[in-house]
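Peer 1: Annotations for this protein, taken from TrEMBL, read as follows:
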DOMAIN    B:149-439  domain 'NADH:quinone oxidoreductase/Mrp antiporter transmembrane'
TRANSMEM  B:53-73  transmembrane segment
TRANSMEM  B:93-116  transmembrane segment
TRANSMEM  B:128-147  transmembrane segment
TRANSMEM  B:153-171  transmembrane segment
TRANSMEM  B:183-205  transmembrane segment
TRANSMEM  B:225-250  transmembrane segment
TRANSMEM  B:259-283  transmembrane segment
TRANSMEM  B:295-313  transmembrane segment
TRANSMEM  B:320-338  transmembrane segment
TRANSMEM  B:383-407  transmembrane segment
TRANSMEM  B:427-448  transmembrane segment
TRANSMEM  B:479-497  transmembrane segment
Amino acid sequence: MRTVIFRTIAPYLSALMVLFSVFVLLRGHNAPGGGFIGGLIAASAFAIFGIACGVAAVRRAIIFHPMALSAFGLFIAGLSGLPSLFLRQPFMTSQWWYIHAFGVEIPLSTPLIFDIGVYFVVVGAISSIALALEERESD
Amino acid sequence: MAVSSESVDISHAMVIAPVSPADWLIVAPSILTILGGAICLMSRKDTAAQPRIGVLFLMLLVFATGGLFLHVLDKGVVTMVMGRWLPPFGIAFTADLTGATLAFVASLVAFAAGVYGIVDVDGSGRRYGFYPFLLLLMTGVCGAFLTGDIFNLYVWFEVLLIASFGLLVLGNERAQLDGAVKYALLNIIATTLFLLATGLLYGLYGTLNMADIAIKTREFGIDGPMATIAVLYFLAFGMKAAAFPVNFWLPASYHTPRIVVSAVFAGLLTKVGIYALLRIFVVLMPEARFQLQDLIALVAIATMLTGVFGALAQTDVRRLFGYLVISGIGSMLAGLAIGTTPALAGTIFYAIHSIVVMTALYMAAGVMNAMGGSYSLRELGGLYAASPAFAAVFLVLAFAVAGLPPFSGFWPKVILVEAAITTGRVWIAASILVTGLLTSIAVGRVWIFAFWRGGPEGTPDGAAEPGALAAAPGLARPVVWLPLGVLLALVVFMGIVPEPMFQVTGRGATTMVDPIGYVRSVFGDSL
């Protein structure tokens, strides 16, 4: 698969897909999308990059081990349920903060943090499987 | 695009009353283990820090479940609905005394395993994630004991199943993969049956909340579809609990992983299945239990006897103990078959006893292997000469598992036999007694061969070679004695002072048989 065309295109394509995955993640609360789908898109970006340029390049690019990314996602998803403890509400009750910046209302919330956690769990889990499979093939 | 959440009044769909921080204890076990597991997983390259983080979080887990146990003992059934949505739409966590007690005992056992793992699990086992998997296994186990929603129960079963796959293959040996494939396949079938039954139940009643289902089954009775669902649940959880004849996965897999993993599995996994059976057939659909009781009794007797026969035939101590786990499951099912409040209390007591004693036995097997260099009864020998103190520890555990006084196994058997006789089920009583006798013979074999005989098979009577066992590495270190000592203390305590256990299990069984407190805790006092 390491043709010149593919190798030239793949980095741009992957970068675009990661950007799009973040977009899908953030619009997920009110429109189709969310952490799971966003994570899948990002994981496929890493898979494409891995097919084109080798697994070592992907591992260098994402710096952390995919399983560690996954664990980080699990960690912040777990934390996102905790703020309601201090407001005497049950676990996982959503909290909203509305921030006004540059004349736009930006709604931030604990579900968003949870969704970002899901995003990382999916990215980490799927890309660690994909990278392991690709590595086996190239050996 | 965004609808501000203030624009819709959803207050009548939500729990408005403030939640006391003490009620958070009910979700604390799951939160702590998830956070701890995530931290362990992020730092898994640092093999020196793994046991510290793991054991710290397991200790916090013991405090959380211990606190929850005291809270439930004090206040009765506790409920928390996730995200403030009113039940039955919000997912409820509901802890009654049975669930809280089992979660507490399970956490103690997991803590003991975490400490034992400091010695038993080497650098590569830590890198492959022993502590993250152990913590996430506890997420599943505690979640299953504390949830009040049947689909949520399914999710926790999946969590503990996936964590257990990871623990099983820790080390990547051929035998482990072989065991893991059988274990995974049969457990996935069981989980799928569970999911099927839950789907059908939802189709029938339109609710997944356990308290809600308990109301509806009492209202509508058990007709054709409901009976089908009940049988599906019995099959699914029977597989999980390793009931005869769907228990092939247990003897095929429990001897393959590291001994500390076997210890955790033997202590916890099958007991979660028993707990689910109790929850379904006592709280949710008591009438279905009444219809199925002859089948359950038959399965219980067959499980007890085949289990102990298997134990008698084995020469590998790990396999032998695996069959004893199965045989114990038979006794617990016997309590479910009898179905009176004392019998169910006996089942709960037996489950607690089995969690503690089976874990301790596998840990003792690990020490036997470290001292004698083998798990085979043909090659072991001379352990009494090597360490009389350890021989005494093993003897206590052997008495306990065989149900001999004055240790923890005696009392649940007394309750179960008494309950069987008072309800006229002489066959069940006879099977429990015969199983007890055969179990004493099975563990007696281990004692005679591994401890009394001077050396490996063929050593003449009276000959001993104490020098051969002098240098026992690894598991003979003092850190092993702490977890083994904690479990041993529990075994002795439950045997000599059974009164608190009688009260706790009796109250636990009463709340399950008459779930009005359970239902009121979820839906308020108006019901």
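Every residue gets a Cβ built from N, Cα and C, even glycine.
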Peer 1: I need to check the long-range neighbours of the transmembrane segment (B:93-116): which residues 6 or more away from its ends have a CB within less than 8 Å of a CB in the stretch?
Peer 2: 26-27, 29, 51, 54-55, 58-59, 61-62, 64-66, 68-69, 71-73, 77-82, 131, 134, 137-138, 141-142, 145-149, 210-211, 260, 263-264, 267-268, 271, 275, 278, 348, 351-352, 355-356, 359, 363, 366, 479-480, 482-484, 486-487, 490, 504-505, 507-509, 511-512, 517-518, 521-522
Peer 1: Using a threshold of three or more Cβ pairs below 8 Å, and leaving out pairs closer than 6 in sequence, do the transmembrane segment (B:383-407) and the transmembrane segment (B:225-250) count as in contact?
Peer 2: no
Peer 1: Might you confirm whether the transmembrane segment (B:320-338) is in contact with the transmembrane segment (B:128-147), defined here as three or more C-beta pairs under 8 A between residues 6 or more apart in sequence?
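Peer 2: Touching, no - the transmembrane segment (B:128-147) and the transmembrane segment (B:320-338) miss the threshold of 3 or more Cβ pairs under 8 Å.
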Peer 1: Cβ pairs under 8 Å only, please: of the recorded stretches B:53-73, B:183-205, B:295-313, B:320-338, B:479-497, which one is richest in them relative to the transmembrane segment (B:153-171)?
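Peer 2: The stretch with the most contacts is B:183-205.
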Peer 1: Which of B:259-283, B:320-338, B:479-497 shares the most C-beta pairs under 8 angstroms with the transmembrane segment (B:295-313)?
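Peer 2: Between the stretches B:259-283, B:320-338, B:479-497, B:320-338 has the largest tally.
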Peer 1: Counting only residues 6 or more past its boundaries, what in the same chain has a CB within less than 8 Å of a CB in the transmembrane segment (B:183-205)?
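Peer 2: Same-chain residues near the transmembrane segment (B:183-205) but 6 or more away: 150-151, 154, 157-158, 161, 164-165, 168, 212-213, 216, 220, 225-226, 228-229, 232-233, 235-237, 239-240, 246, 248-249, 252-253.
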Peer 1: Going along the chain, which residues at least six beyond the ends of the transmembrane segment (B:259-283) come within the CB cut-off of under 8 Å?
Peer 2: 98-99, 102, 106, 109-110, 113, 116-117, 120-121, 130, 134, 137, 141, 144-145, 153, 157, 160, 164, 167-168, 170, 210, 214, 230, 233-234, 237-242, 250, 289, 292, 296, 318, 321-322, 325-326, 329, 332-333, 336, 339, 344, 347-348, 351, 354-356, 358-363, 365-366, 369, 512-513, 515, 518
